[in-house]
Amino acid sequence: MSQSDYYEVLGVGRDADENELKKAYRKLAMKYHPDRNAGDTKAEERFKNIKEAYEILSDPNKRAAYDQFGHAGLNGGMGGAGAQGFSDAFSDIFSDLFGMRGGGRSSVHRGADLRYNLEITLEQAARGAETQIRIPRQEVCDTCHGSGAKPGTSPKTCPTCNGHGQIRMQQGFFSIQQTCSHCQGSGKVVSDPCGDCHGAGWVKRQKTLSVRIPAGVDEGDSIRLTGEGEAGANGGQAGDLYIVIHLASHPVFQREGNHLHCEIPISFTVAALGGEIEVPTLDGHARIKVPAGTQTGKIFRLRSKGITGVRNQSTGDLLCHVAVETPVDLTARQKELLEEFESISQKDGSRHHPRAKSWMEKAREFFAE
């Protein structure tokens, strides 16, 4: 037992009445409660002293003994009539700390948010679009206007919790509140339910909504429609609808941020001799000059031919990746010409095929080691 002066511990005078004691105790207990001072041993010790002081001074018999004889007059006992007063006060503190004071939970609840996955084309993402979607959701019953009761009647106060929505369970010094199982926390019960919603206050319906897709949206972006989620309970506001964007695969382009990529196959003759080719863009077509000797993997960048982002408003590029295509199903004449070309190239192949020469030199060095 602490030997501190109990009146000083609570910060009250020796003539303090019951209300002053309780007010001082509640204020100090909330300040030094272990749940608010995790790991603070000094606060924990202070809390124990505060609890001990209030238990003694809130019991008239113990307080009288303490006032006359000090700590010696207590004889170690901490039970007796004051325990109930301590329990009530401590349960008030516990309720304040964990948000359980007052008339139980509010019966007004916000509706749940909904998620809808929307697949769009690359063109829709780039240019923006407007589309319609159908979603199943809870809506307030038009017949009972959300009360759940048959028209002409109204919900009654729950007799189990007296309308609080919660019931209090006493366990030793602690008082724990639990949701009332009779009214499920609403504080009301419906004895004559609505025939359309069967007492729920809401019905399930298919809702058609128009959705405007802003230009530049990307995979995983979401569009929030406020108030288009599930209906709230007992007058609570509706939740929100989150539309999550997914991009359908495109036959030509692949998106990377605001940039677009595409593969451009060219013949080996165009690659060798050079030329001009036409490539697709989101807006139509563009022409590219291919220099002689172009190899597979060469990238041609078309500035500002990508997508304008929805957030930063910067426009990406179109990157065209060259793939030199080897001809197949050759005619006899084509084979003859290629064989003639190969024969001529053999005389000075290193000049015409610099990469092959470099590779051969590296291979010889490797095997020579």
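Cβ coordinates come from backbone N, Cα and C, glycine included.
Taken from Swiss-Prot, the feature Zn(2+) 1 binding site covers CYS141, CYS144, CYS194, CYS197. The Zn(2+) 2 binding site annotation in Swiss-Prot covers CYS158, CYS161, CYS180, CYS183. Positions annotated as domain 'J' by Swiss-Prot, on the basis of sequence analysis: 5-70. Feature annotation from Swiss-Prot assigns repeat 'CXXCXGXG motif' to 141-148, 158-165, 180-187, 194-201. Sequence annotations record features per position, and here Swiss-Prot assigns zinc finger to 128-206.
Pairs of Cβ atoms less than 8 Å apart link the repeat 'CXXCXGXG motif' (141-148) most often to 194-201, out of 158-165, 180-187, 194-201. Averaged across the repeat 'CXXCXGXG motif' (180-187), pLDDT in this predicted model comes to 82. Broken down by DSSP into helix, strand and coil, the repeat 'CXXCXGXG motif' (180-187) contains 0 helix, 0 strand, 8 coil. Across the fold, the C-alpha of CYS158 (Zn(2+) 2 binding site) and the C-alpha of CYS194 (Zn(2+) 1 binding site) stand 18 Å from each other. Here the Cα atom of CYS161 (Zn(2+) 2 binding site) is found 25 Å from that of CYS197 (Zn(2+) 1 binding site). Excluding CYS141, CYS144, CYS194, CYS197, which define the Zn(2+) 1 site, the same chain contributes ASP142, THR143, HIS145, GLY146, SER147, GLY148, ALA149, PRO193, GLY195, ASP196, HIS198, GLY199, ALA200, GLY201, TRP202, VAL203 within 8 Å (Cβ to the Cβ centroid), listed in sequence order. Neighbour density for CYS144 (Zn(2+) 1 binding site): within 10 A of its CB lie 25 other CB atoms from the protein chains shown.
Listed in sequence order, CYS158, THR160, CYS161, GLY165, VAL189 are the same-chain residues at least 6 apart in sequence whose CB falls under 8 Å from the CB of CYS183 (Zn(2+) 2 binding site). The distance from the Cα of CYS180 (Zn(2+) 2 binding site) to the Cα of CYS141 (Zn(2+) 1 binding site) comes to 24 Å.
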